[in-house]
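Engineer: According to Swiss-Prot, the protein has these features:
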TRANSMEM  11-31  transmembrane segment
TRANSMEM  81-101  transmembrane segment
TRANSMEM  114-134  transmembrane segment
TRANSMEM  154-174  transmembrane segment
TRANSMEM  186-206  transmembrane segment
TRANSMEM  237-257  transmembrane segment
TRANSMEM  265-285  transmembrane segment
TRANSMEM  304-324  transmembrane segment
Amino acid sequence: MSWITPELIEILLTILKAVVILLVVVTCGAFMSFGERRLLGLFQNRYGPNRVGWGGSLQLVADMIKMFFKEDWIPKFSDRVIFTLAPMIAFTSLLLAFAIVPVSPGWVVADLNIGILFFLMMAGLAVYAVLFAGWSSNNKYSLLGAMRASAQTLSYEVFLGLSLMGVVAQAGSFNMTDIVNSQAHVWNVIPQFFGFITFAIAGVAVCHRHPFDQPEAEQELADGYHIEYSGMKFGLFFVGEYIGIVTISALMVTLFFGGWQGPLLPPFIWFALKTAFFMMMFILIRASLPRPRYDQVMSFGWKICLPLTLINLLVTAAVILWQAQ
């Protein structure tokens, strides 16, 4: 069959890898909601969901059925198009950001030379979902939550990007595969420890996770920018948040902890174990830390995180120049 060319085979393999990787990410994001509730129960010395299936193993299925059959209500005075578009953007933005993450040698959806810039672009796109949701709902609590979320996300994305510049300078590339290969001898978390700390803090803030979940504060804003959402639209916001956690955890592994590299076990297993560890850390942080005031969150970012990232970048540049002499 002459129509089967090497180019066609390469395209089909790329599509297959994209479908497999993105399905795994969505599945991990969905199952993390169940795992979080079970782990929170363990951390707080109480029972988690344990009634549906063996040990609560079918709780996720029950939640999905409930979500499918809930009324997909749209407020009467809302902007219907933007109201519907917002959860789609929230779901797809950080899911697309995972496309640049190499899970093992040769297994990456898009091996871009501007991989880190693509991630920052997708993280910035998620801000529009929040603004669209808050403004289109025609609800004052939604709008206040959206304004908080957009200001917080844009602020912490500054530190998110600056914290990665030390890694880029050491690897000499924005390509994620090149960054993983540059950690063959020493993981970046050792020379870039302060960069890792800042990236982890900013990653939690960008995902709007506790303790940086002021945009969704129940006591102040009645659940924030998605108060008017129900049914599958709310489900897209819900799963999108967990996909963001999976993506940020995978980026921590790729940029600072050697990616798929490790002894004895297959590369994908190492990548999965490292990523699962950081996903559990997100849950442990939620169970351990109180929620600060909104002004404290913004002050912490600009007065502590920003100077720390700038000092880390300057020291990294000085070390690289010294080694080049």
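Numbering starts at 1 and runs along the chain as it is shown here.
Including glycine, each Cβ sits where the backbone N, Cα and C put it.
A quick note: this is a predicted structure, and the numbers were derived from the prediction, not measured.
Describe the structural context of each listed feature in the structure shown, including burial, neighbouring residues and relevant distances.
Structural biologist: Distant neighbours of the transmembrane segment (11-31): 60, 64, 95, 98-99, 103, 107-109, 239-240, 242-243, 245-247, 279; these residues of the same chain sit at least 6 beyond its ends, with a Cβ under 8 Å from one of its Cβ atoms.
Non-local neighbours of the transmembrane segment (81-101) in the same chain are 18, 21-22, 25-26, 74-75, 108-112, 115-116, 118-119, 122-123, 125-126, 128-130, 132-133, 135-137, 176, 226, 228-229, 233-234, 236-237, 239-240, 243-244, 246-247, 250-251, 254; each lies 6+ residues outside the stretch with a CB under 8 Å from one of its CB atoms.
Counting residues 6+ beyond its ends, the transmembrane segment (114-134) has Cβ neighbours under 8 Å at 82-83, 85-90, 93-94, 96-97, 99-100, 142-147, 149-150, 153-154, 157, 160-161, 164, 168, 174-176, 206, 215, 224-226, 229, 237, 240, 244, 251 in the same chain.
Sequence-distant contacts of the transmembrane segment (237-257), counting only residues of its own chain at least 6 positions beyond either end whose CB sits under 8 Å from a CB of the stretch, comprise 25-26, 28-30, 32-33, 87, 90-91, 93-95, 97-98, 101-103, 119, 126, 129, 133, 164, 167, 176, 179-180, 183, 187-189, 192, 195-196, 199-200, 203-204, 206-209, 226, 229, 271, 274-276, 278-279, 282.
Within the chain, the transmembrane segment (304-324) has long-range Cβ neighbours (under 8 A, six or more residues past its boundaries) at 156, 158-159, 162-163, 165-166, 169-170, 191-192, 194-195, 197-198, 201-202.
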